[in-house]
Amino acid sequence: MKTQWLKICEDLQNRLNPGTYKVWVAPLTADLEGEGKIRLSAPNGFVATWVRDRLLNDISDAASAIFGRTMEISVVAGNPPAKPSRSVPGRPAVSVEGEPAPARRPRTAPAPRPVAAPSLLSSAAEQLSLPITMPVNQSVPHNWRYAFDSFVVGPTNDMAYAAARNMARSGAAVDTLFLSSGPGLGKTHLTQAVGQALCEASNRSNPKVEYLTAEEFSSCFVQALQSRTVDRFKGRFRDVDLLLLEDVHFLQGKEKMQDEVLSTIKSLQEKGSRVVLTSSFAPCELRNVDNSLVSRFCSGFLAGIEKPDASTRRRILQEKARQNNALLSDTVVDVLTERLTGDIRQLESCVHNLLLKAKLLGCTISVEMAQEILAQYSLDDPFVDVDSIIRKVCEGFGLSPEQLASRSRKQNLVVARNTIFYLARKHTELSLQDIGDKFSRRHSTVLKGIASVERELRRESPLGRQIAGTLALLERR
């Protein structure tokens with residue numbers, strides 16, 4: 001089973017984003033359990049539940065592809081049956097406490113989990129509203145997807161690029177970098193590039209780098225509280241050379257977590273370590289975030305990223321084609337550049353679909369083929385204002401404007417409103433308060449709604465996949 005599990009993991013690394021794979025798949029161990037059955041063991045019940053709810057289909061598809069038949073997957077909490085440990089490549093099996101698990105161990109009922117003091121634990125857990133937590137000590141080699149060499153620099157991102165490059169060099173001008181932009185404009189690319197460059201340049205000294213989202217950081221903190229390993233948690237994140245923390249807008253309204261992040265950043269800055277933070281919002285736009293933490297966010301270099309201009313879009317299209325070992329003619333690139341004015345993900349998606357169609361049909365890429373692909377995308381941004389966004393979302397969700405404007409908290413209405421907030425932020429120049437005024441909602445409500453959509457998209461949960469599908473339809477003609 002070891003060989004098959006390694007292949008399944010390789011498949012899942014291609015299917016899932018690095019954060020999801022590292023946090024939820026990497027701790028699993030696998031064993032065959034009869035004909036056509038695979039038993040996955042998670043380090044604790046929280047991880048087991050999360051994997052069952054969100055990743056079972058992906059794991060089943062990957063396993064079926066490797067075995068050449070449909071495989072039944074079960075996920076349980078606790079240690080696998082007594083046999084040599086079989087873990088994800090590059091990582092030992094871990095126990096609930098985060099120490100290496102014994103190679104052989106009798107199969108017994110899991111011992112009761114130690115519980116932290118009720119006041120602190122319940123307060124933190126309630127603020128975080130997390131359905132699950134994750135093991136604390138999970139140090140694995142990073143699988144960087146992005147590097148500086150593949151980042152296309154233009155006038156809308158040149159300062160962010162220069163600041164990120166500087167962070168990866170010895171003798172950096174600043175020790176803290178805060179990157180902000182709308183979705184799909186390159187924050188994650190630059191963040192991972194800093195980590196990749198530092199690790200490559202310092203390969204012999206093996207620098208300590210932690211890369212995760214603010215939500216994952218929060219989950220680690222809750223787990224540390226529950227397992228009474230807060231000191232180990234602090235040691236993990238305060239004894240690094242570089243901390244890469246994405247989506248810090250997740251911290252809004254979470255006072256306990258803000259305190260921990262603030263203390264972590266202060267500790268790192270005092271010891272001369274470097275910190276890169278990303279958010280969909282500039283520090284001044286965050287609400288319900290402690291002023292001291294906002295001040296720390298602003299203590300380094302603040303760099304915003306805007307949508308690419310025509311020249312940059314052209315070079316991005318050429319770079320995406322090159323990454324797929326393809327060459328687009330100047331005429332095709334001209335057509336795509338003129339018609340596609342969205343974010344980088346839209347450019348990447350169009351190139352991918354264009355190359356895939358040419359491969360399936362076995363023909364060369366022509367202007368006519370490019371125009372056929374473009375017909376599936378919004379050529380000129382259809383969302384000229386919030387009213388047009390509301391109209392399209394109502395059509396997409398089968399709702400009326402009156403229903404959306406109501407105070408109802410039904411899930412379909414909440415998701416629809418949050419989708420409007422997300423699209424308005426992405427496609428208009430309105431402030432968060434202006435967007436909220438359309439629905440008599442506060443700035444903080446809009447911020448939470450946008451963060452909720454981004455979180456579900458990043459998790460690739462069933463709801464996230466539904467939202468992604470709806471967004472794709474709304475953003476096409």
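Including glycine, each Cβ sits where the backbone N, Cα and C put it.
As recorded in TrEMBL, the features of this protein are as follows:
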- GLY184, GLY186, LYS187, THR188: ATP binding site (BINDING)
- 385-453: domain 'Chromosomal replication initiator DnaA C-terminal' (DOMAIN)
- 1-103: region 'Domain I, interacts with DnaA modulators' (REGION)
- 78-115: region 'Disordered' (REGION)
- 359-477: region 'Domain IV, binds dsDNA' (REGION)
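All protein chains considered, the CB of LYS187 (ATP binding site) has 25 other CB atoms within 10 Å. Residue counts for the region 'Domain IV, binds dsDNA' (359-477) under DSSP, helix first, then strand, then coil, are 81 helix, 0 strand, 38 coil.
Of all the binding-site residues listed here (GLY184, GLY186), the one with the fewest other CB atoms within 10 A of its own CB is GLY184. Counting Cβ atoms from all protein chains shown, THR188 (ATP binding site) has 23 others lying within 10 Å of its own Cβ. Other residues of the chain with a Cβ within 8 Å of the Cβ centroid of GLY184, GLY186, LYS187, THR188, the ATP site, are SER181, PRO183, LEU185, HIS189, LEU190, THR278, ILE305, ILE344.
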